[in-house]
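**Student:** What follows is a structure written as C-alpha cells; I'll ask about it next.
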Ligand code: ATP
Ligand code: MG
C-alpha cells in the first residue's frame, strides 16, 4: 500500500474563530474513536488548518477508509503520498511513481493542480503545473491534459512536506459529534427512530437513548433488537447510554382505565414524560423521535400536538416530512434496515385498538387521564427507579 497518510477535508465554511477549534478538536476525537477498532496504528495531527491521519506501519486500508468516511464533519478523505522536499527533479520522479502505482491504466485525462503554501520552493504553482504536465506527457504519451473535467485531478501541495493526491472519497458531511450538545432519542425497534437518531447526530449532537420495554408482552429478543440498533447508530454517534424502562405496569394501567381507542396517544404521552425526565437528568437539550406526519394514527397533526403537549423541552423530529421509502433508503445506507425489519413485537403494537383515534381532542384525552390519578405517579416513579442503563458501543 503506497498510502500512509490521509488528508481529511471538512466543510461548514461558516465555522470561524473559537468554534473552528472546537469543531476541529471534536473531529480529531471522533476520527480517533472511529479508527480505534481498525487494524493498525494511526496518528492524527492538526496542522495549518488541516487535519491529517498518518498510518504508522501496516494497516487495513479498506477498513481505515470506511472508518474515516463515516465520521460526521468529514466531507472527504484523500489518501496521499507525502514526500520530503528534495528539489523539483525528485518531485517529478515521485509524481511519476505515484501515477505508475495508482493508475495502472494510463488511458486517462489529467490536470496538475499545485499549490505552493511554502514560498521558498523555487517554482511557483503555475510553473509546477506546466513543468509537471510536460514531464507526465513525455513519460505517458497515452495520457492527455483536460483542464475542465480531468479523470485525474493531480493535487500537489508544497507544504513542510509535499502532498501528492488525486483520490477523494466522500464523507457524510454534517458536524462532528460533540459540537452541539446532547439529546435523548426515543429508540424503538422500528425503522424510523434509528434513522432519526442518526440524522440528529449528524448535526454534531451527542445521543442518549430510551427504550420502553413491556415484558412479558415484549420479549427479551425485542429488547436485544433495540440494543443491536443502538450499536449500529453508535458506529456514527459514539457510545450511547441506553435506558431501558419497564413500561408494562403503566401500559396495563392505562389499558384498564382509559378508552382503548385513546390508548396509544395516552401511552405516548407518558413515554414522552418519562423520556423528558431522563433527558433532564442527563443534561440533554431536547428529545428526538422518528415521527413523520400522517404515517400512522398516532402521527397525525392532532396526535402529534397531543403528544407534544406534555413536553417543555424541544422535540426534534427529523423525519417529519419524509415518506417511508425515503426513510428506508437512509436506514439501508446506514445499515439499520436489516435489523429493524426483524419481526419482534413492539410495545406500541400489542395493545393497539382496532380503531384508534386519529384526531384526538386534547381536552378529552386529559379527561381520560384523570382516571389514572390514583396510581400513575407511583407507577411512573417505580418505572424511573427500576430503569436499567447500559452503555452501548459500536
Ligand atoms: P419506529 O420505526 O421508530 O418504531 P413507528 O412508525 O413504529 O416508528 P410509532 O410506534 O408511532 O412509530 O412511534 C413513534 C416514535 O415514538 C418512534 O419513532 C420512537 O421515537 C418513539 N417510540 C415508539 N415506541 C417506542 C418504544 N417502545 N421505546 C422508545 N421509543 C418509542
Ligand atoms: Mg415503532
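Placed from the backbone N, Cα and C atoms, the Cβ positions cover glycine too.
Automatic, uncurated: that is what TrEMBL annotation is.
Model, not experiment: these values are computed from the prediction.
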**Student:** Out of 203, 221, 268, 269, which is the one TrEMBL records at the ATP site of 186, 187, 211, 212, 290, 299?
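**Tutor:** The one candidate that TrEMBL places in that ATP site: 268.
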**Student:** How many angstrom lie between the most widely spaced Cα atoms of the ATP binders 186, 187, 211, 212, 268, 290, 299?
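**Tutor:** Site span for ATP, by Cα atoms: 19 Å.
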**Student:** Count up the helix, strand and coil residues in the domain 'THUMP' (62-169) according to DSSP, in that order.
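**Tutor:** Each residue of the domain 'THUMP' (62-169) counted once, the result is 37 helix, 32 strand, 39 coil.
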**Student:** By a simple count of other Cβ atoms within 10 Å, which of 290, 299, the binding-site residues in the record, is least packed?
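**Tutor:** Sparsest of the binding-site residues 290, 299 by Cβ contacts within 10 Å: 299.
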**Student:** Go through 186, 187, the listed binding-site residues, and name the one with the sparsest Cβ surroundings, counting other Cβ atoms within 10 Å.
**Tutor:** 186
